[in-house]
């Protein structure tokens with residue numbers, strides 16, 4: 001394919017796909033567009049290798065290579081968003097870039113025999129060219145990850161660029177096709193109560209107990225008030241980034257809407273506010289991410305200092321009140337990377353994190369949890385007779401965990417443990433809350449893992465009474481539907497948002513009301529403060545207030561899977577109500593409200609509620625038919 005043809009195809013595909021603003025809502029001719037994009041990507045991939053090899057040999061970038069880099073260059077707001085929120089134009093470009101770059105570097109390593117130093121230097125140069133980080137920080141982030149990636153590439157010679165990019169992006173032309181990564185499963189024998197309808201729950205009652213849910217504090221020890229909040233990197237407001245000439249670009253006293261994490265005073269204020277306002281809460285859940293977004297310069301020693309300080313704060317503030325924590329993807333070093341337990345190289349292993357967590361959590365968790373925490377960062381604990389908590393480390397199934405590329409089947413072990421633990425809970429007549437950092441079924445949950453999890457959920461839908469997540473920083477919920485009977489809603493995942501404002505959010509935490517017999521969540525409320533107002537009054541503490549009481553604000557009797565499934569359908573036919581949910585989801589962050597959300601933006605948020613597995617658009621399509629007044633028969637989920 002010649003250059004003119006390539007550029008023409010690019011313009012056509014980008015123009016059509018560029019009109020779509022949501023990651024789940026696809027145009028009617030999406031399959032045809034993907035086929036066109038595949039051809040474009042294949043040609044782009046080959047041409048990029050040729051042009052980049054010329055550059056490596058001569059030191060001169062051709063005009064065509066400059067054009068190709070320009071096409072791949074990161075969007076200015078890309079680092080603000082979780083991958084699930086990247087609109088289709090972003091994902092299209094990211095997939096093309098992934099395939100071109102990975103093919104090129106695989107060839108350099110496997111065919112031309114480039115050594116570690118040459119690969120690292122060239123990768124850092126590419127990072128700089130694409131404006132991902134500053135030159136110095138590009139080298140730092142490459143150095144953090146290069147040895148792991150080379151180990152995986154060298155020991156898995158059949159691993160292709162298509163498979164690698166299919167694992168990471170799971171969308172568009174980056175579709176996973178390798179059976180090694182698709183066809184593994186765990187043992188889920190039949191049994192349990194049949195699913196015959198959507199799951200219901202009691203209404204909120206006077207005897208319900210309360211659980212405080214805090215997540216994603218993202219404490220940045222390098223945060224400095226007044227320092228540059230528009231630094232152009234993934235994480236700003238940091239000491240090394242200087243004081244901007246324009247004071248308006250400086251970091252706020254209590255945090256900043258821009259790409260900034262939390263100063264210690266804001267972390268402390270949030271935890272103390274939750275304890276002060278809800279002294280009658282029985283338990284505290286913390287669903288991960290203590291460490292900041294300065295991923296290019298994290299260290300084991302630095303992470304230990306930040307985590308120790310944060311866990312001690314929880315002990316000081318909540319005293320003897322039990323806290324149930326799980327790990328976030330930022331807790332390890334390098335970020336996101338959780339090796340199989342049998343990988344014993346000290347520079348690859350996460351055992352330091354698991355041992356540290358077992359020690360830190362020992363004041364809250366029973367001694368019996370030590371073995372599995374030290375093994376893989378997960379545990380189960382009997383909270384009271386009839387009520388059990390399972391704390392998962394599902395960061396291993398995060399698509400940016402490189403070790404999935406090495407051995408996807410290593411994820412079976414924790415899932416099988418989950419199944420077996422639930423089987424024992426069922427036999428003992430216990431109900432279970434599951435805590436996990438990354439929302440289960442999100443687009444960044446490895447697709448095969450999510451499918452196996454759904455099999456477990458189908459089997460134990462009557463045992464699992466709720467899920468609790470973090471990671472996205474959005475105050476949201478997800479409805480889980482039966483894999484075997486997709487018309488039935490069987491569980492709910494609640495996400496507490498985050499106390500960090502990164503990015504554009506107001507800080508918040510959530511409080512749940514739980515029935516003491518069924519251990520189902522009957523209602524929940526969110527508490528937040530407005531960051532603009534707090535920073536305008538830097539010498540006093542922020543004013544925390546209720547963002548919503550969910551049942552009251554949406555006129556619901558309860559928040560059961562059945563009830564929330566009905567609410568989702570209401571949202572589809574009532575954009576005003578859906579918009580109110582969106583305002584609560586983004587926690588009325590001033591930049592979000594200023595930008596607004598309507599049309600496909602709202603539909604995207606609606607689809608996120610009901611998506612249980614990457615690329616499973618069946619529920620989204622059904623809601624889109626209602627939202628757009630289309631014929632429901634076009635989106636028959638049984639087809």
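Every residue gets a Cβ built from N, Cα and C, even glycine.
Straight from TrEMBL, the features:
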BINDING   216, 218, 289, 473  Zn(2+) 1 binding site
BINDING   289, 329, 437, 471  Zn(2+) 2 binding site
DISULFID  95-174  disulfide bond
DISULFID  127-138  disulfide bond
DISULFID  231-236  disulfide bond
DISULFID  237-260  disulfide bond
DISULFID  597-601  disulfide bond
DOMAIN    91-178  domain 'Saposin B-type'
SIGNAL    1-22  signal peptide
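Known features from TrEMBL, placed on the structure.
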residue	record	Cβ within 10 Å
127	disulfide bond	21
218	Zn(2+) 1 binding site	28
231	disulfide bond	21
236	disulfide bond	26
237	disulfide bond	28
329	Zn(2+) 2 binding site	24
437	Zn(2+) 2 binding site	27
471	Zn(2+) 2 binding site	26
473	Zn(2+) 1 binding site	27
601	disulfide bond	17
Per-residue Cβ crowding (10 Å cut-off), top of disulfide-bonded residues 138, 174, 260, 597: 260
From recorded positions 174, 218, 260, 601, the one whose Cα lies nearest residue 236 (disulfide bond): 260
By Cα-Cα distance, the member of binding-site residues 216, 289, 329, 437 nearest residue 174 (disulfide bond): 329
Zn(2+) 1 site, defined by 216, 218, 289, 473: further same-chain residues with Cβ within 8 Å of the Cβ centre: 215, 217, 261, 288, 328, 330, 470, 471, 498, 499, 500, 502
Residue 216 (Zn(2+) 1 binding site): tally of other CB atoms within 10 A of its CB: 28
When distances run from the Cα of residue 127 (disulfide bond) to each of the recorded positions 218, 237, 601, the nearest one: 237
Listed in sequence order, residues with CB under 8 A of residue 289 (Zn(2+) 1 binding site) and six or more positions away: 215, 216, 217, 218, 328, 329, 330, 331, 437, 470, 471, 498, 500
Those residues of the chain, 6+ apart, with a Cβ under 8 Å from that of residue 95 (disulfide bond): 37, 41, 165, 169, 171, 172, 173, 174
Rounded to the nearest Å - Cα separation of residue 138 (disulfide bond) and residue 597 (disulfide bond): 34
Shell list (Zn(2+) 2; ref centroid = CB of 289, 329, 437, 471; cutoff 8 A): 215, 216, 287, 288, 327, 328, 330, 395, 398, 438, 470
Tally of residues which DSSP labels helix, strand or coil - the domain 'Saposin B-type' (91-178): 64 helix, 2 strand, 22 coil
Inter-residue Cα distance where the pair is residue 601 (disulfide bond) and residue 237 (disulfide bond), in Å: 29
